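Written below as structure tokens is the structure these notes are about.
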Amino acid sequence: MIRFTLDGQEVEAAEGETIWQVSKRLGTTIPHLCHTDRPGFEPEGNCRACVVEIKGERALAASCRRRPTPGMVVEAANGRTAKARRMVFELLLADHASPDPDSAFLGWAGALGVTASRFAPSAAPVRPDTSHPAMAVRLDACIHCTLCLRACREVQVNDVIGMSGRGADSRITFDFAQSMGASSCVGCGECVQACPTGALLPAAGPVRVERSVDSLCPYCGVGCQVTYHVAGGDIVGAKGRDGEANHQRLCVKGRFGFDYSRHPQRLTVPLIRKEGAPKEPLDPADPFTHFRPASWDEALDAAAAGLKRLPASALAGLGSAKGSNEEAYLFQKLVRTGFKSNNVDHCTRLCHASSVAALLEGIGSGAVTAPVAEVANAEVIVLIGANPSANHPVAASFIKNAVKGGAQLVILDPRGQALTRFASHHLKFNNGTDVALLNAMLHVIVAEELYDRDFVQARTTGFAELAQHLKSYAPEAMAPLCGIDAGTIRVVARLYARAASAMILWGMGVSQHSHGTDNSRCLIALALLCGHVGRPGSGLHPLRGQNNVQGASDAGLIPMMLPDYGRVGLDAVRQRFEAGWGVELDPDSGLTVVEMMDAAQAGIIRGLYVEGENPAMSDPDLAHARQALAGLEHLVVQDIFLTETAMLADVVLPASSFFEKTGSFTNTDRHIQMGRQVIDPPGEARSDLWIITEMGRRLGLPWTYDGPKAVFDEMCGLMGSLSGITWERLESEGGITTPAGKAILFGDVFPTGDGKARLVPASGLAPAENPDADYPFLLSTGRVLEHWHTGSMTRRSDVLDRLQGLPAVNVSPGDMARLGLAEGARVRLESRRGAVEAAAVADSRLSPGALFLPFCFTEAAANLLTNPALDPVAKIPELKVSAVRLLPCSE
Ligand SMILES: Nc1nc2c(c(=O)[nH]1)N[C@H]1C(S)=C(S)[C@@H](COP(=O)(O)OP(=O)(O)OC[C@H]3O[C@@H](n4cnc5c(=O)[nH]c(N)nc54)[C@H](O)[C@@H]3O)O[C@H]1N2
Ligand SMILES: Nc1nc2c(c(=O)[nH]1)N[C@H]1C(S)=C(S)[C@@H](COP(=O)(O)OP(=O)(O)OC[C@H]3O[C@@H](n4cnc5c(=O)[nH]c(N)nc54)[C@H](O)[C@@H]3O)O[C@H]1N2
Ligand SMILES: [Mo]
């Protein structure tokens with residue numbers, strides 16, 4: 001503690017605390033423009049709005065940078081500092097165009113009594129830059145505080161914003177003085193959030209905020225906390241809150257992608273299919289060609305009646321990882337006790353099902369062992385089969401921060417990505433050969449005895465079998481398969497093994513394969529062999545995708561497990577829920593997502609209830625899946641839009657969007673946070689929880705839930721993972737980590753029978769389908785930054801669709817040239833299952849022969865092409881590899 005005097009009072013400062021921070025902590029915020037106390041921003045002291053007088057010093061000091069020393073005497077509010085600060089504001093005001101009457105700058109100016117300037121403007125007027133769909137740049141309001149630059153460079157590490165010119169000519173620039181729209185800006189809006197003057201503003205301009213609501217982002221598993229601003233019943237802005245996972249950061253979707261909730265195509269009345277109307281695609285703007293509006297009572301009665309007619313074995317339900325924990329729990333309970341089978345699943349099956357299967361088998365728990373934030377403590381970060389700059393952008397920003405802080409990043413991915421430039425090694429190996437590459441790394445670690453003997457001995461079983469298995473996977477033998485030379489494999493294996501701490505983060509490039517479980521087994525073995533689990537900076541982190549896929553899985557939205565992962569086949573597990581729910585439960589595992597579609601095709605499943613999923617776009621082999629959906633006797637779809645799936649429904653139930661309901665959500669870090677209702681649902685749309693409850697009652701269930709709290713209370717009574725957590729705690733605390741508040745798990749024991757982790761040999765070496773003479777290209781599918789999955793939400797967000805609205809397939813520049821394709825040329829892609837047309841765009845991150853197509857474009861639905869071949873353990877389809885041909889379209 002450092003004792004010093006501030007405005008006549010004896011005060012104490014902690015080590016490293018600045019005068020500005022001490023003053024704020026004690027209740028007085030000194031005026032500031034270029035300074036913010038947000039984490040990640042270094043103080044610069046360039047604006048001089050925060051000057052204080054230090055006894056014995058001639059010049060005033062910037063309090064945002066200056067640290068007190070013992071005995072220092074500081075005056076922060078005397079006549080001299082007030083005069084100096086007023087002068088700063090007056091000078092700045094001379095050149096200030098004031099686009100935002102509520103800006104922090106004008107607020108401080110007003111507080112200091114500065115409303116006009118005696119000085120003449122010194123800079124020539126600059127025209128606003130409105131080239132970006134989301135943000136406007138008004139440099140005539142810029143005071144050169146450089147907060148935007150630091151937001152872009154130090155916080156999000158996108159390095160787009162810089163300062164060019166000198167003296168009076170200096171100005172904020174994007175890349176090489178491009179317009180913002182033409183620059184490499186990724187639209188995170190961190191600069192807008194940081195700007196104190198309104199020089200950077202949302203494109204729509206400043207808005208008068210009527211009220212604000214603290215909630216979450218509806219998109220990915222990072223789980224950013226957001227404050228939504230509301231005016232006239234609509235969301236008009238989003239601001240990052242200080243959540244554990246985001247520290248006020250957001251990405252383009254979280255900041256600018258909320259307007260889908262007010263899109264004119266929102267479903268606002270329940271719909272019933274007209275007698276005899278064909279089940280075919282239709283215009284989502286005009287449902288009434290095939291549907292007629294109905295009252296809620298009529299629609300719910302019809303929805304339930306069609307399901308009640310069918311036997312348990314013919315019914316199935318798909319719940320949602322976009323919904324809350326309470327919705328997921330209630331949905332699986334509806335299927336298990338109302339349909340009376342375990343035929344309930346959700347998109348996790350297409351996602352991390354294989355990772356979870358391998359994790360449960362290996363370490364007894366399917367969730368992450370350490371949060372993303374632990375990358376800050378990692379010496380080495382291995383990122384495999386994931387593209388977080390596009391898909392978990394805020395997590396990516398923390399990875400970049402970690403690299404800047406000295407961590408070494410190793411990327412194992414067939415395709416280049418935005419993080420490649422931060423990596424010490426990027427092994428661009430052949431698609432679908434993860435086991436070859438990873439087993440070769442494991443081989444090196446065993447052969448060179450780089451593994452952690454004590455850890456392996458004390459904490460694992462199966463080492464001897466694994467070591468034996470790995471003998472035939474020498475790097476030299478695997479190099480031709482995976483396309484990485486043996487020397488490089490050895491270097492990377494040693495790097496990981498010798499690190500004092502190391503995290504492995506992975507995504508769909510690992511899991512979505514016909515040997516996805518094997519891929520994850522290798523990653524688990526890597527971590528276990530080297531003892532990189534259960535310590536700070538070490539752990540296994542499958543980056544969870546949907547905002548609530550962790551919670552939906554925990555809540556039992558899976559066909560072989562009840563809430564908290566108890567197997568349905570185990571009597572003791574089932575009996576506990578039978579007692580709790582007062583019913584008898586089916587002991588047989590239910591059907592998984594892809595199996596449901598197969599069973600529908602075969603006429604075994606005849607009735608399906610889909611809540612918040614769009615399988616007619618997200619399932620592999622869509623021609624088959626759509627046929628299966630259209631052939632159902634009774635399909636009920638509960639969504640916010642007339643999706644490709646809803647178009648095939650018999651009854652469509654208009655639900656609430658994320659912003660229109662309250663519930664708890666569990667992020668990738670196992671952190672449970674509260675999503676709060678921000679606005680009202682449009683028209684007659686109703687909350688998902690209400691709809692599920694009403695469906696349950698019509699199926700004869702004695703349900704009286706009056707809202708999410710009632711459901712959560714019941715969950716807490718039945719789920720050990722929630723012990724100690726209450727709705728009130730969720731309401732009052734920022735978020736709660738499960739289990740038992742522990743961010744890092746398994747420091748001394750694994751939740752397996754014997755407390756030890758299992759090393760499991762893996763051998764899946766090749767994808768189910770490889771390019772050949774007929775289908776010479778390897779197609780990989782996935783995501784783009786601006787769009788969410790099947791596009792239902794983000795294609796209906798004005799900013800996001802304007803940023804990225806062209807259905808395009810990425811092609812390597814070499815192949816573009818070889819095929820004589822101009823940028824944007826129309827091409828046809830054909831696989832053994834279907835065909836689509838899209839624009840070809842060159843992508844230098846791809847290897848020759850590889851193509852990438854995101855699955856968000858209904859006009860070019862990638863999944864018409866993809867292969868439904870399944871991983872034998874997790875039943876996840878091979879969405880990452882299929883063989884296709886590419887043909888130029890004649891105009
Ligand atoms: N913008 C946006 N963000 C999202 C989503 C979205 O739709 N849009 N969806 C969310 C969801 S649910 C999920 S699951 C996550 C997914 O997040 P990611 O897992 O990052 O997503 P993908 O784009 O599917 O692809 C991941 C990576 O796998 C690589 N890859 C392809 N084939 C292979 C292979 O054979 N081996 C290896 N090792 N890598 C390979 C690709 O090159 C790509 O870099 O994103 C979440 N976030
Ligand atoms: N080719 C290919 N296919 C893939 C993948 C891939 O990488 N490549 N990835 C797979 C993965 S990882 C995943 S997770 C799946 C995702 O597959 P899906 O879950 O089917 O995809 P989404 O588009 O997220 O579907 C969510 C649906 O919920 C609706 N919705 C949004 N909010 C609400 C709400 O509050 N209430 C209700 N009732 N509905 C709401 C949306 O309009 C949308 O129709 O796709 C899989 N398919
Ligand atoms: Mo996912």
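Including glycine, each Cβ sits where the backbone N, Cα and C put it.
Applying DSSP to the domain '2Fe-2S ferredoxin-type' (1-80) sorts its residues as follows: 9 helix, 19 strand, 52 coil. The domain '2Fe-2S ferredoxin-type' annotation in TrEMBL covers 1-80.
Per TrEMBL, the feature domain '4Fe-4S ferredoxin-type' maps to 133-163 (among others). Same-chain residues lying 6 or more positions outside the domain '4Fe-4S ferredoxin-type' (133-163) and placing a CB less than 8 Å from one of its CB atoms are 33-34, 36, 38, 40-42, 44, 46-47, 92, 95-100, 103, 105, 123, 125-126, 170-175, 180-181, 183-203, 205, 249, 252, 255-256, 397, 400-401, 404, 422, 798-799, 802-803.
For the domain '4Fe-4S ferredoxin-type' (176-205), the model's average pLDDT works out to 96. Taken from TrEMBL, the feature domain '4Fe-4S ferredoxin-type' applies to 176-205 (among others).
What TrEMBL lists as domain '4Fe-4S Mo/W bis-MGD-type' is 210-265.
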DSSP helix/strand/coil residue counts for the domain '4Fe-4S ferredoxin-type' (133-163): 12 helix, 6 strand, 13 coil
Three-state composition of the domain '4Fe-4S ferredoxin-type' (176-205), taking helix and strand from DSSP: 5 helix, 4 strand, 21 coil
